[in-house]
Amino acid sequence: MVAAGLLTACGGDPEPSASPSPSDSETPTPTPTPTPEPEPITAPLTGVEVAAEIQLPAILAKIDDHPDARAQFGLEATDIVYEELVEGGLTRYVAVWHSNVPQQIGPVRSIRPMDPGIAGPFGGMIAFSGGQPHFVAAMQAVSTSTSVIHGGGTYDAYYSRGGPHAAPHNVILQAAQLQADNAQLAPPQPQFAYSDDETTPTSQTTGGPASQLALAFSQGQSRQWGCDAGTGRWARGQQGVADLDANGNQLTAANVVVLRVQVIPNGNIPQTMLEGYSGEGFVASGCSWVPVTWSKPDIATPIQIVDAAGQPVVLTPGNTWVELVPNEGSASVS
């Protein structure tokens, strides 16, 4: 009986359990929204990534390539160089600096009839040492470019004669100071498309391998480019000899754009025909090459370069040389 009583005493109703208060439940932590990566800033004339936008104008100059004018000052720092046929079977350059402008460039020489169409798309300032009056007038008529003429009065303080070359191959321009003093002018627009994290140079996607380029502007003026397999850069030669800068280093380029062009006489001066014209050519980049077609509708528009599918050709970021080889000359790839 005692045991039964103990069992009865222990068999009462169960105690109710306490419900958790609302404050006891955990509030979920929201997932932070990831901060998007900023778009990279690239130099407009090279496609190379830079820390900040370069809010300065391009500086262009007519640079002498007479044998007595070599080695030139500043070509190693150019963003883009155009090589064109002039009288006597020789060539001159329209050299373009923007992302890295040297203190001095030269030798500066006179303007030619095709230069307005080359310079027009860049805006900025173009330096030259005069020229035939109608060629000078045509260059001054390009509203997008400011003509910086040696001996013209306005910009003479930026010019001097000096260096190791004898006149007339000794006109030197204080280029960095000229750019800094004209910072109110707009920076240049891009002239070409460049590869990035999402695109590959066209020559490497639809082209073929290349190690040597052989060009002839005239009977006496040949150019050679050889690709360094380690760096993918192209090293330049003239008449079979390495083309050196003023520091004794061979000139190189990330891209070599070879355009076959019609050349007609303008008086006694050969004129490369660009505006309203088109033609064939090829682009060499990163030890590969691809055939291209070029066109240029007007002075202010950059030269358009497309592949066989009609798509804009994509270059490797870096400096570019544009070789305007006459149809009467030659250009080959191996």
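Sequential numbering from 1, following the chain as shown.
The backbone N, Cα and C atoms fix where each Cβ goes, and this holds for glycine too.
Taken from TrEMBL, the feature region 'Disordered' covers 1-42, 187-210. Annotation source TrEMBL lists compositional bias 'Low complexity' at 13-28. The compositional bias 'Pro residues' annotation in TrEMBL covers 29-41. Among the features that TrEMBL reports, domain 'DUF3048' is placed at 45-183, 215-322. According to TrEMBL, the feature compositional bias 'Polar residues' maps to 200-209.
Summed and averaged per residue, pLDDT over the domain 'DUF3048' (215-322) gives 98. Under DSSP, residues within the compositional bias 'Polar residues' (200-209) fall into helix, strand and coil as 4 helix, 2 strand, 4 coil.
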